[in-house]
Amino acid sequence: MQKPSSAWPLLLIYLLCALAVLGSWRQAHVNTATGDEPHYMVMANGLAQHAALEQTVPYQDATRPGQAERYNLPRNDMHAVSGPRGRFNMHNLGLPLLLALPFTLGGVVGSKLFMIACGAGVILCAWKISGLFSSGTGARRLAVLASCVGAPLIPAANQIYPDILGGLAALTGLYWFLTTQRQRSAGAELALAVAVAYLPWLQIKFGLACALLVLAIAFKIHRESRDLPRVARLLAVAGVSCAALIAYNLYAFGKASGPYMDDAVAVNKTSLMVLLGMLFDQNQGFLIQNPINLLGLLGVGWLYRAHRPFALLWAAVFVTLIAPNAVHPVWYGGWCFTGRFGWPATMVFIVPTLYALLELAKRRRTLFLALAWLSVALQAYFLSRYGTAKVDMYNRAWETPLADYSMYYGAIHNWLPALYNSEWAFGYAPNYVWLAIVVFLLAAGFARGARWRWIGAAALGAG
């Protein structure tokens, strides 16, 4: 077993990169708090300073003279809806509860530093999961470095949204499922249970992932140990969390589902485009933002063959994190960083990418080193671009000319998929080529026989 300190080099690299990006952006006055971010901070301040769930006083406070710099809140922009007891914020309560102290202590910067710390939690969780797949410290460090320390995590880390936190909570639940046989104190298990049960507080759509994780972990604990008190504690935490969230929604909005309206879901050709785009659009897709994730497509099948129950749970959690965002009619999240709607699922996709990298390290070490270091070099180049504000990080409008669309791949954008305008996306040939590549790599991972199991990795190496 590796010492916990073994993760510190990775955490240090991540923190240096994330803090450098934050400092560079603040100095250049770019990528400031915008979109929904000011409203999360208004909610946080309302909780900390006024103990207020109702939003009239918090928004009055945020719009007083001299407060604009503290929140970066546009004039006459109140994200609140009327309920039976006043006006309540349309955004979920989970993130503001966590931001109340950081915002009180440090305002926008304090909030962003807290979010960067949450990103460090992703690195630490990935490190712990890697230890379940391999005992080699060097290979683990390089695998986590290649799969985590880069896009989208570094640019996303200082954004005041619940998406990275949701991915971290889901990743924590998956790690717990893999390690239920370990002896932990009641306090440690309570912390794990709270982390998983907090998912729907961050966003109500995370409730499906929460339910899957809670039920799977409870079933596994019971099957392994018949420890009914452990199972009861987990179910009790989840039940209390669910009941409290329903109670808040009923109090604030008069319905258990919260502020969501009937038009919050749209299933059409655009939603299909967005689903595919979150996978492999040249801007939105996590497979293209960090191409080492293409190896993770192989890892899905490899993981299924080696750890079938876990792989099935992982797949179900991944789908529940990415599919609801595909049918949200504010396509790709609206005015926010590119790729944000895919961030929760991207954090979870770290698992098969790590597994594939570490399997490759055991069997094809030269290929592993080549792919991993190429990935690190590519991410360093991307960092030099977005870290110095040479890249517009925000979603492009649907009418953006294709020649102006690409964030990182301008010179080769014509070779890459583009899924941002449903009027022509389904007639664009590169989209079908890349869909075929994704399907091929996924199928190759499930194929039987050593030759077919490694053919995808060899193809990636040749590419």
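Positions of Cβ are set from backbone N, Cα and C atoms, glycine also.
Annotations in TrEMBL come from automatic prediction, not curation.
Same-chain residues lying 6 or more positions outside the transmembrane segment (97-126) and placing a CB less than 8 Å from one of its CB atoms are 7, 10-11, 14-15, 18-19, 22, 26, 32-33, 40-41, 43-45, 47-49, 70-72, 144, 147-149, 153-154, 156-160, 164-165, 167-168, 171-172, 175, 201, 347, 350, 354. Under the heading transmembrane segment, TrEMBL lists 97-126 (among others).
Annotated transmembrane segment per TrEMBL: 138-154 (among others), in sequence order.
Feature annotation from TrEMBL assigns transmembrane segment to 190-219 (among others).
Panel annotation: around the transmembrane segment (231-251), residues 53, 83-85, 93, 186, 189-190, 193-194, 196-198, 200-201, 204, 207, 210, 214, 217-218, 221-222, 257-258 of the same chain, lying at least six beyond its termini, place a Cβ under 8 Å from a Cβ of the stretch. Positions annotated as transmembrane segment by TrEMBL: 231-251 (among others).
Tertiary proximity for the transmembrane segment (286-304) is limited to same-chain residues at least six positions away from its ends with a CB under 8 Å from its CB atoms, namely 146-147, 150-152, 278-280, 310-312, 314-315, 339, 342, 345-346, 349-357, 359-360, 371-372, 375, 378-379, 408-409, 416-417, 437-438, 441-447, 453, 456-457, 460. What TrEMBL records for 286-304 (among others) is transmembrane segment.
Annotation source TrEMBL lists transmembrane segment at 311-335 (among others).
Residues annotated as transmembrane segment in TrEMBL: 341-360 (among others).
Sequence annotations record features per position, and here TrEMBL assigns transmembrane segment to 367-384 (among others).
For 425-447 (among others), the entry in TrEMBL reads transmembrane segment.
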Across 190-219, 341-360, 425-447, the most C-beta pairs under 8 Å with the transmembrane segment (138-154) come from 341-360
Long-range CB partners for the transmembrane segment (311-335) (under 8 A, at least six residues beyond its ends), listed in sequence order, are 34-35, 166-167, 170, 173-174, 177, 205-206, 208-209, 212-213, 216, 263-267, 270-272, 274-275, 277-279, 284, 300, 303-304, 341-342, 344-345, 348-349, 351-352, 394-395, 420
